[in-house]
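Chemist: Sharing the record's features from TrEMBL:
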DOMAIN    39-297  domain 'G-protein coupled receptors family 1 profile'
TRANSMEM  20-47  transmembrane segment
TRANSMEM  59-79  transmembrane segment
TRANSMEM  99-118  transmembrane segment
TRANSMEM  138-159  transmembrane segment
TRANSMEM  187-209  transmembrane segment
TRANSMEM  246-266  transmembrane segment
TRANSMEM  278-300  transmembrane segment
Amino acid sequence: MEDNVSQPHFPNTLSNRSTFQIAVDVAPLLVINLAALFGNVLLCIAFFKNNNLRSVTNIFVLTLAVCDISMSITSMPLSESALIAGEWIFGEFLCHFQGFLTLFLAFLSLQMMAMTAVNRYYRVLKPDLYKKVFTTGYTSLMIIAASLLSLGILSSITFGQHGNLFIFHPGKTICVNVYRSMLTAQVYTIVSSALFVLLPAVVIVWCYVKVFTGIRKHFRRLATRKMSRASLNSLNPAEIVVTRTLFAIVLAFFLCWIPCIVIDLMDIMRNKWFDRRVYLAYTYFAYISSAVNPFIYGVMNRSFRVF
């Protein structure tokens, strides 16, 4: 790493731990890892085996599952190994790889959730346009474009001439980004927050507010028997279940990542580090976001339980 990069001094919270403490630290992460891997693999198998699940909306679900599988076979094992070894033993390249990939997958997952929210908006409120916009081909192009855009912007910021570097955070057991200059930090924060967090969050909130308002009106009309044949066909119970399930996925994602965001913000404002257990909880929450989706699908959507 370059000498002109000012690196924070993270406390070595992984030293002087007993074998029992190491086991206590690693066990939850191992459970999360296995749940994320096998749960999302089963989700993918269900998608390809059950013809009823091969809808355009579930293409986004499949993409989310692939993101979560990628997290479970790359970033999580590296964190587990660091917890066991008590230090980062994989070299600088893999540190950059883990740090970048974790950001990329988290950001891409949020883009997929925003696209899914738009998908639900059109499916519930504009069914005629839905059939024209959300074809399999267009949906695949949307996913590819979002992936390339996220990859391109993150790569230019991270590995460009004025980009940032990644170093190992012993508390989080994840490689985190450090900035070369205050200007870089400001640009990175503004661009990444606006494109990858704020914009998708606004889209998600707006779409689901509109969707659930539409569903509420649907039930009111149904109760007074003022539904036309077209309205009944455009919004069936299965679509409502899918919409609620996908909203639960979004809610779970934010519930997992909000504590992480709060801890990061507090780190910036405070002049001292948190206790190691706070950072370990940070890691658990971040990785749980990759494991929770299959359970939500299984509980809320009967189609996934058939498999």
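Even glycines carry a Cβ here, placed using N, Cα and C.
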Chemist: Can at least 3 Cβ pairs under 8 A be found between the transmembrane segment (246-266) and the transmembrane segment (138-159), with each pair 6 or more apart in sequence?
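Modeler: These two stretches do not touch.
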Chemist: What same-chain residues lie close to the transmembrane segment (138-159): Cβ under 8 Å, and 6 or more beyond its ends?
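Modeler: Tertiary neighbours of the transmembrane segment (138-159) are 56, 59-60, 63, 100, 103-104, 107-108, 111-112, 115, 119, 166, 177, 187-188, 191-192, 195-196.
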Chemist: Quickly jot the same-chain residues contacting the transmembrane segment (59-79) by Cβ under 8 Å, restricted to those at least six beyond its ends, or write none.
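Modeler: Residues packing against the transmembrane segment (59-79) from afar: 29, 32-33, 36-37, 40-41, 43-44, 47, 90, 94, 97-98, 101-102, 105, 108-109, 112-113, 115-116, 119, 136, 139-140, 143, 173-174, 246, 249, 283, 287, 290-291, 293-294, 297.
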Chemist: Examine the transmembrane segment (20-47) against the transmembrane segment (187-209) and state whether at least 3 Cβ pairs sit under 8 A, considering only residue pairs 6 or more apart.
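Modeler: These two segments do not touch.
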